[in-house]
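Undergrad: According to TrEMBL, the protein carries these features:
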type	residues	note
DOMAIN	75-456	domain 'Amino acid transporter transmembrane'
TRANSMEM	78-100	transmembrane segment
TRANSMEM	106-127	transmembrane segment
TRANSMEM	153-172	transmembrane segment
TRANSMEM	192-214	transmembrane segment
TRANSMEM	226-249	transmembrane segment
TRANSMEM	261-282	transmembrane segment
TRANSMEM	294-318	transmembrane segment
TRANSMEM	338-360	transmembrane segment
TRANSMEM	381-400	transmembrane segment
TRANSMEM	406-425	transmembrane segment
TRANSMEM	437-457	transmembrane segment
Amino acid sequence: MWGKNWRSIRMLSACLPSKNQVTSESVHGANLAAKWMSCDVCIEENKVCGCQHSSTEGFKGTVNDTDVERHQESNSSFAHAVINMIGMLIGLGQLSTPYALENGGWASAFLLIGLGITCAYGSHLLGKCLDKNPKSRNYTDIGQQAFGTKGRVIAAIFIYMEIFMALVSYTISLHDNLSTVFLGMHLKVPSLNLSTSQLLTVMAVLVALPSLWLRDLSSISFLSSGGIFMSLLIFATVACTAISGAVKANQPIPVLKLDNIPAISGLYIFSYAGHIVFPDLYKAMKDPSKFTKVSIVSFTLVTMLYTTLAFMGAKLFGPDVNSQITLSMPRHLTVTKIALWATVLTPMTKYALEFAPFAIQLEHKLPQSMSSRMKMIIRGSVGSILLLCILALALSVPYFEYVLSLTGSLVSVSICIILPSTFYLKIYWAQVTKPLLILNVILIALGALLGVCGTISSSKSLLKSIGRAH
């Protein structure tokens, strides 16, 4: 997807199917696969491509504006846009908020809230950049608008890094929760030197592997359409644990642990990562002028959920809270079993969606004369190899909190804070007022500081954990 039109990135979101409505998807079946051409809009709509593409399609490829208007109606309401944005924000990151609060102290909640405000502002800036040039339709287009080809490449690299590292984190989470779900089970394969939990993870990934061979992206997005439901379900199970009295919420929370702030800042930032798809939300709105209000409402609700969950988990489990809240809950409770299965099923439905941009870009690079069957074999094989590499990495480095923190500090802080402010200043340089200039420079500096300190801290912790394991 380096430099390619990022309309296809919307498939990363369970809440962003064709025309932003699950009910509007039309599944045509495998017999249309051979007729699909390299048009991202048509691929998303599951239609035979009849567009007239510009001659510049390729590294800087775009779809003709009239074709986009013909294929996609901007019919997303304010409420629908809010639901979609919340669906992109809540997910894996919420599992670690109680752990982050306990390790950073209750005062670190101000950092969580502050980062929520900052990331909401980053979303607003992306909308402003799209306002400036209607032809920009995605995150990498904004990068190109600001700094040309270099900006597009830099944006794409960070996006790919975030997707890859997030998939590693998903697989680690799958491993950790599977080992708890099947606690007491003993599996052994003589020729493989793998533990029971590792074998269970391998089997789960192998079960999900065939989904990478699917060409019908609408059926893939349907697998993950319950993303918000799963996240709210996990929140509800933690709340039920507190309300039922099964665990007394009387654990003290320290005021502030300054030494841990760099590491937990990465966990907090990752929780707000979703900006790579926000341009698609903007373009899908009936009234894009309300995009800033959508960002404010969405980030406010998500920040409230994160803060509430963080305090609930920290008060329930105190210093013993796990980096994934589901692993701290009493195992005999029914709500715990529900939470664990929800956490297990979520990564298995994410793989195909997260790989969709890679698959589409790879297919664009293949010769059009190649048969659809051969394209499917190449696409599926490459996706399978990448997923197996991610599996091997996740099993080799099964340290959820450190990998998640590293992802937030190394990648997400750039996508959510640094790049939006940088792109905005470059695009609006002639019109930027002095207060806005100072504000954005401060945000870039703070983002860089958190990113560098967080990357160093989480990398050291990760290396120490690997060293102790070996």
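Even glycines carry a Cβ here, placed using N, Cα and C.
TrEMBL annotations: computationally assigned, not manually curated.
Locate each feature and note its surroundings.
TA: Away from its own ends, the transmembrane segment (226-249) comes close to residues 13-15, 83, 86-87, 90-91, 94-95, 305, 308-309, 312-313, 315-317, 325-326, 329-330, 333, 335-336, 338-339, 342-343, 345-346 of its chain (Cβ-Cβ under 8 Å, at least six residues beyond either end).
Remote same-chain partners of the transmembrane segment (261-282), defined as residues 6 or more beyond its termini with a Cβ less than 8 Å from a stretch Cβ, comprise 6-7, 9-10, 12-13, 16, 76, 81, 84-85, 88-89, 92-94, 96-97, 99-101, 103-104, 108, 111-112, 115-116, 119, 122-123, 126-127, 130, 136-139, 141-142, 159, 162, 166, 288, 291, 294-295, 299, 302, 306, 401-402, 404-410, 412-413, 415-417, 420, 450, 453-458, 461.
Listed by sequence, the residues of this chain that lie at least six past the ends of the transmembrane segment (381-400) yet keep a Cβ under 8 A from its Cβ atoms are 96, 164, 167-169, 171-176, 194, 198, 201-202, 205, 208-209, 212-213, 323-324, 351, 355, 358-359, 362, 461-462, 465-466.
Among residues of the same chain six or more beyond the transmembrane segment (406-425), those with a C-beta under 8 A of the stretch's C-beta atoms are 93, 118-119, 122-123, 125-126, 128-129, 139, 142-143, 145-147, 151, 154-155, 158-159, 161-162, 165-166, 169, 262, 265-273, 275-276, 432, 437, 440-441, 443-444, 446-448, 450-455, 457-459, 462.
Long-range contacts of the transmembrane segment (437-457) within the same chain, counting only residues at least 6 positions beyond its ends with a Cβ under 8 Å from a Cβ of the stretch, are 118, 121, 125, 262-263, 265-266, 269, 405-406, 408-410, 413-414, 417-418, 421-422, 424-425.
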Undergrad: Hey, which bits of the same chain come close to the transmembrane segment (153-172), Cβ under 8 Å, at least six residues off its ends?
TA: 1-3, 6, 9, 12, 92, 139-140, 142-143, 147, 201, 205, 273, 276, 346-347, 350-351, 354, 357, 387, 390-391, 393-395, 397-400, 403-404, 406-407, 410-412, 414-415, 419
Undergrad: Report, as numbers and ranges, every residue of the chain located at least six residues beyond the transmembrane segment (106-127) whose Cβ falls under 8 Å of a Cβ in that stretch; write 'none' if there are none.
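TA: Hits for the transmembrane segment (106-127): 85, 97, 100, 139, 142, 253-257, 261, 264-265, 268-269, 271-272, 275, 278-279, 282, 288, 291-292, 295-296, 298-300, 302-303, 306-307, 310-311, 314, 416-417, 420-421, 423-424, 440, 443, 446-447.
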Undergrad: Near the transmembrane segment (294-318), which same-chain residues lie under 8 Å Cβ to Cβ, leaving out any that are not at least 6 residues past its ends?
TA: 78, 81-82, 85-86, 89-90, 93-94, 97-102, 106, 109, 112-113, 116-117, 119-120, 123-124, 127, 235, 238-239, 241-242, 247-253, 271-272, 278, 281, 285, 325, 328
